[in-house]
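For reference, the structure is listed below as structure tokens.
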Amino acid sequence: MVVRQLLRAVIMGPPGSGKGTVSSRIVKHFALKHLSSGDLLRDNLQRRTEVGVIAKTYIDQGQLIPDDIMTRLMLNELKNLHRYHWLLDGFPRTVPQAEALDETCQIDTVINLDVPFETIKHRLTARWIHPGSGRVYNLEFNPPKDVGLDDITREPLVQRDDDKPETVTKRLKAYEAQTKPVLDYYRNKGVLESFSGTETNKIWPMVHAFLQTKLPEVSQEEAAPHR
Ligand code: AMP
């Protein structure tokens with residue numbers, strides 16, 4: 001396959017949709033740069049850059065960074081990647097961000113992970129802890145022997161506020177309200193590709209097959225860490 005153009009892609013999906021896993025698999029299989037707005041912000045926070053200091057106040061309150069700051073940060077970073085295929089993650093989160101991005105380049109494809117609300121809720125509320133010891137259980141991967149009880153002390157398990165169904169529902173609703181206009185924006189442009197399913201291991205092969213038509217693959221020998 002001859003790849004003529006550099007791919008300009010975006011990946012979207014709510015928390016708990018498996019976006020992190022799918023993104024890391026994409027990076028492992030294909031030769032492209034992955035740019036995550038959250039990672040970039042955290043890096044700026046750590047280095048205490050001007051943007052980092054401003055961003056902290058918003059992140060600490062669970063708010064979005066203002067569009068102009070966020071857009072400047074991302075577009076500046078993208079300048080360094082102009083010779084590569086790239087995949088944006090976490091950006092754009094609003095229509096003004098998407099519009100600003102459009103002014104500098106044309107997005108070819110938006111990979112949208114479409115996982116049912118109930119599945120995500122199930123995943124995100126699966127964590128239970130034993131407050132006394134800090135032991136962590138996950139109802140899917142390492143459930144306690146008896147529902148709701150610590151294996152060793154037999155004391156009751158609790159959920160962190162963040163993991164409680166009502167908090168998770170709120171978070172997912174907020175994500176949906178915020179992101180829907182962006183999804184609609186890309187749907188109208190005809191570049192939205194949705195991948196639906198309840199398991200990351202079933203969604204991944206579809207994403208992989210789709211990207212094979214657009215990107216060169218890294219040989220898995222090359223991708224493997226050197227011994
Ligand atoms: P994330 O790791 O993607 O959840 O990002 C962590 C935090 O960074 C978010 O809660 C926002 O406060 C901020 N953030 C990340 N991406 C953006 C964006 N595109 N626009 C505004 N704020 C963002």
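Cβ from N, Cα, C; glycine included.
Sequence annotations record features per position, and here TrEMBL assigns GTP binding site to Gly16, Ser17, Gly18, Lys19, Gly20, Thr21, Arg127, Val136, Tyr137, Thr200. Among the features that TrEMBL reports, AMP binding site is placed at Ser37, Arg42, Gln63, Leu64, Ile65, Gly90, Phe91, Pro92, Arg93, Gln97, Arg160, Arg171. Look at TrEMBL and you will find 36-65 tagged as region 'NMPbind'. The region 'LID' feature in TrEMBL is assigned to 126-163.
Residues in the region 'LID' (126-163) partition by DSSP class (helix H, G, I; strand E, B; coil) as 3 helix, 12 strand, 23 coil. Taking only the Cα positions, the spacing between Ile65 (AMP binding site) and Arg127 (GTP binding site) is 29 angstrom. Listed in sequence order, the same-chain residues six or more apart from Gly20 (GTP binding site) with CB atoms under 8 A from its CB number zero; the list is none. Ligand 1 lies under 6 Å from the Cβ of the following binding-site residues, listed in sequence order from Gly16, Gly20, Ser37, Arg93, Arg160: Ser37, Arg93. Around the Cβ of Arg93 (AMP binding site), a 10 Å sphere holds 18 further Cβ atoms from the protein chains shown. Each of the binding-site residues Ser37, Gln63 was scored by how many other Cβ atoms lie within 10 Å of its Cβ, and the smallest score goes to Gln63.
Beyond the region 'NMPbind' (36-65), the same-chain residues lying 6 or more positions past its ends with a Cβ under 8 Å from any Cβ of the stretch are 23, 73-74, 77, 88-91, 93-94, 178. The number of other CB atoms found within 10 A of the CB of Arg160 (AMP binding site), across every protein chain shown, is 12.
Long-range Cβ neighbours of Arg127 (GTP binding site) (same chain, at least 6 residues apart, Cβ-Cβ under 8 Å): Val136, Tyr137, Asn138, Leu139, Gln159, Arg160, Asp163.
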